[in-house]
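> Have a look at this one.
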Protein chains: 2
Amino acid sequence: MGAAKETLGEEQPWAEVSPDAARRLLIAAVDAFAERGYHATTTRDIAGRAGMSPAALYIHYKTKEELLHRISRLGHDKALAILRSAADGEGTAADRLSAAVRSFVRWHAGHHTTARVVQYELDALSAEHRTEIVALRRLSDAAVREIINDGVRAGEFDVPDVPGTTLAVLSLCIDVARWFDVGGRRTPDEVGALYADLVLRMVGAAPERAQR
Amino acid sequence: MGAAKETLGEEQPWAEVSPDAARRLLIAAVDAFAERGYHATTTRDIAGRAGMSPAALYIHYKTKEELLHRISRLGHDKALAILRSAADGEGTAADRLSAAVRSFVRWHAGHHTTARVVQYELDALSAEHRTEIVALRRLSDAAVREIINDGVRAGEFDVPDVPGTTLAVLSLCIDVARWFDVGGRRTPDEVGALYADLVLRMVGAAPERAQR
DNA sequence: CCTGAAGGTGAGCAAGCGCTTAGGCAAGTG
DNA sequence: CACTTGCCTAAGCGCTTGCTCACCTTCAGG
């Protein structure tokens, strides 16, 4: 399915950020924020990682917070696109929920530095930027809730508390960014598969392999 | 002061911290760290919330990091005690897993300010303190894994990947501290009940509709 | 009464912070 | 050529940070 867009998964991250110096600064900021947190990161550190002087940062970004906002915005856009692509796909609700969780988790594990900044540094955003981002998060919530509602309507799922289960599913996936370790034994693909199975259990979908 | 009654009939939190001024400072630090994060909190802010001058902090604590360490240590001790109390209880593995999740989640929701600091400010600890805390976390992991293993051995659970599922269960519970909102519609008890049900589904325990 | 310990304060230091400014250099355009 | 434009740096400004220090107050024991 979607053979023409097959290569999009391998695209260069942050390709939409230009010019080159701005992208280098943004990547350096992602690394630094993920490693130490936004407030513990200095603008000198970011510029240093990008191989530039501290003042260079302010040519491409108005403030340190604008850098965080750009990262958060792009990351949330990407995360939402992943969820929607799965939600709008073909197949049963179980198929779509499984695909959504698998790809969402794979992204959080594979891009865990970015995801960590995106998911855990919201408080550092300005009030306006935060409300903008929170709106995006509600759309993610709606995408997942829609799949679950479809499954319930179709009789595939058994979910007593749809909003609560939606919250739990998203929370479970998001928290992958906190604990995922590149040096660990699990690959992003493996975690995605494990989590897809766990989530299908949470919604009471009939197990595919054997009935019990 | 403003922080509502978190005790739920239990004893006064932080009762083990003395003298009184040290406890007031610690409670102020918990509030400030939870609200703004460790690095964004100033020692002046902590002292101010406790109604004291900035210098007073250093009579009771050597550094700002020692304050965080004390909070983190006490919080992890409490969380581990909750898990172990449920793990060592009576009943089937499903009963014990359900009880563990319910009380663990209830604590994370009811004491979400403390839990937020405990779970999300580990990186701000010094290297030595962090390894001490990480050891405690491994014990929590072991407590949950033991219950799940018991259930698998007894034929109560169907869990293909025990370490992975253990990780997911703990991750799910911990993340409650991130999103729980006092102003929200759910009480800590309700979230605990919902999550206990979800976790039983994750381990493939036979649904006990009568049980709640 | 005096004395010393315990617990507090006001003032402030050295370091580090986010961010600004003045200016340099290379490339493109009339 | 002169001039603008884009990108970058060295220097540093004004402020805040974690933390210290000289000093004050309270109070129990002799």
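Each Cβ is built from the backbone N, Cα and C atoms, and glycine gets one as well.
Model, not experiment: these values are computed from the prediction.
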> What range among A:42-61, A:122-141, A:142-161 does TrEMBL record as DNA-binding region?
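Range annotated as DNA-binding region by TrEMBL: A:42-61.
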> Excluding the flanking five residues on each side, which residues at least 6 beyond the ends of the DNA-binding region (A:42-61) place their CB within less than 8 Å of a CB in that stretch?
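Tertiary neighbours of the DNA-binding region (A:42-61) are 19, 21-22, 24-25, 27-29, 31-32, 36, 67, 70.
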> Report the mean pLDDT of the predicted model across the DNA-binding region (A:42-61), rounded to a whole number.
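For the DNA-binding region (A:42-61), the model's average pLDDT rounds to 94.
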